[in-house]
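For reference, the structure is listed below as structure tokens.
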Amino acid sequence: MGGQTVWMTLSFKLLLYYCMISLLMPAIFILATRAQVDKFRKFNESTQTKSSQELFEEAFEEQGYYLQRLFLQYGDNGTLTYEGLQKLLGSLGLGEVSVLEIRHGEAKHPSQSISHSHSHEDHHPSQGTTNSPPLRESLDAKSALSGSPAELGRSDYFLHPALRNKQEESVSLLSDHPTEKHLHGNCLNVTQLLWNFGLGQASHITPAHFTFLCPALLYQIESGVCLRHTEDHSQASKTSEGFLIALGWASLALLVISLPSLVALGMAPLLQPSVLQVFLCPMAGMAVGTLCGDALLHLMPHAIFSQHTDHQNAVFKGLSVLGGLYLLFIFESLLGLKQHFKNLKRRKHDAECGRELDALQGTSSANQNESSGHGHSHGQAEPGQTGIRSMAWMVVMGDGIHNLTDGLAIGVAFSQSLTGGFSTAIAVFCHELPHELGDLAVLLSAGWPVRRLLVFSGLSALLGFVGVLAGSALGNHWASHSPWILTLTAGVFLYVALADMMPEMLHGACGSVSPLKRFLLQALGLLTGGAIMLCIALFEDHIAVSLGENSLGEN
């Protein structure tokens with residue numbers, strides 16, 4: 001019983017303590033919060049008081065430091081001479097017009113072609129010419145560090161106290177100087193710059209004087225009036241020189257790239273048909289993989305993500321890819337229509353000849369049936385032969401257009417830079433061998449002899465050199481059109497791969513290769529071709545041959 005009483009007493013005391021703590025905690029929290037608020041308020045007030053007194057002092061000290069560094073380097077005894085200021089302007093690229101050589105693909109410095117005199121009234125129409133200039137008003141005004149915020153905008157407020165003893169000298173030089181008409185759009189030399197600020201009488205430029213010149217120097221640097229691009233007077237001669245250099249390198253690269261065609265033609269007679277079929281299955285897949293990979297991983301990213309490409313421009317470049325697809329579709333469709341009408345005309349002519357022959361010979365009904373059967377058999381066999389022939393011609397023309405676009409891409413790349421041209425040539429070379437072997441598979445299945453393949457390979461290579469000539473000319477004379485050529489090339493590559501090569505992979509004759517083995521070989525070739533193009537796209541900068549030159553403009 002006694003234990004229960006003690007337990008109840010302890011429980012009552014604990015409950016009482018808990019209630020007291022629950023009541024006191026909000027009050028303690030409020031007092032602590034108020035103390036923190038008061039402390040923060042006092043700190044903020046002290047910071048504001050410190051800022052109003054010391055903020056600009058620190059700015060003055062920083063300004064004085066940089067002025068001291070400049071005057072130590074270009075001045076003498078704390079002042080700048082005429083020669084010292086001229087040396088400073090020369091190190092900044094000011095004081096005289098200098099020629100700036102612009103490389104292809106680089107952004108040009110924004111320059112203005114303004115070279116006329118204008119009045120200060122153009123910028124301040126509300127101020128008459130008889131009034132004192134605002135600069136002099138700010139120089140005559142007196143202010144203290146504790147001045148009002150309205151006084152902070154005056155020029156003398158931002159002068160370091162150590163420099164204010166030079167202010168009277170500045171005012172005396174600026175007071176009688178007319179500021180109505182100055183050449184602000186020209187590249188000012190030292191004499192013109194000093195005359196604009198009324199400092200022509202000053203034998204030495206003090207730090208106070210120099211603070212007046214700084215905005216003019218910054219404007220001259222930002223506007224680029226002292227820069228003149230080489231395109232203004234000497235780009236024509238360098239364009240012709242760059243065209244010849246690009247044409248030479250691109251032709252040499254295309255000559256090396258054309259070697260896989262000869263290799264493929266040399267390998268064909270040495271291999272048995274069954275072995276050649278097994279070898280060509282992965283090669284056809286590799287041709288599709290390299291063509292699609294080159295278009296999607298190399299050409300389109302280079303064109304769409306070029307410099308100064310906005311969203312609308314990127315959309316139109318994507319439309320250019322679609323234009324390449326449509327262009328080759330129209331070309332091959334016209335080729336097929338021509339072959340179709342030619343076959344119709346041939347059938348009609350054969351039928352008329354057969355009827356005339358039957359009428360002249362007066363053959364028996366049995367002979368007529370035999371002749372009719374022959375005509376029917378020819379009609380049945382001709383569509384298949386026509387389909388194979390049309391496919392072969394489409395592959396030949398597609399290969400010619402492919403080489404033409406290859407030449408365009410290589411010519412444009414070499415016209416922009418040698419390293420970029422070699423990088424594009426490496427990419428084209430990597431997919432040229434499987435592409436040529438894939439074309440060879442289609443043409444051999446159509447029954448083309450090796451001699452005919454050799455002739456058309458030579459004609460296709462000539463189209464490549466035509467593309468090199470056109471690409472070099474476009475890249476040098478119309479460099480802004482280079483991305484559009486790349487996107488058009490990408491569209492042609494996609495069409496050749498997906499419309500010509502892919503159907504042959506899916507529906508072509510298997511020969512002695514089983515369907516499963518054929519599928520595995522084609523899938524392996526497709527992945528290999530895509531992997532090759534991916535590696536080139538990712539490590540293009542590493543595999544590009546460095547010649548110590550970034551552009552043809554340096555040659």
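Glycine is treated like the rest: Cβ placed from N, Cα and C.
Source: prediction; values computed, not measured.
Going by Swiss-Prot, the topological domain containing Ala314 carries a different name from the one containing Trp478, and the two residues are therefore on opposite sides of the membrane. No contact links the transmembrane segment (483-503) to the transmembrane segment (243-263), because fewer than 3 Cβ pairs that are 6 or more residues apart lie under 8 A.
Remote same-chain partners of the transmembrane segment (453-473), defined as residues 6 or more beyond its termini with a Cβ less than 8 Å from a stretch Cβ, comprise 243, 246-247, 250-251, 254, 257-258, 261-262, 265, 268, 396, 399-401, 403-415, 436, 440, 443, 485.
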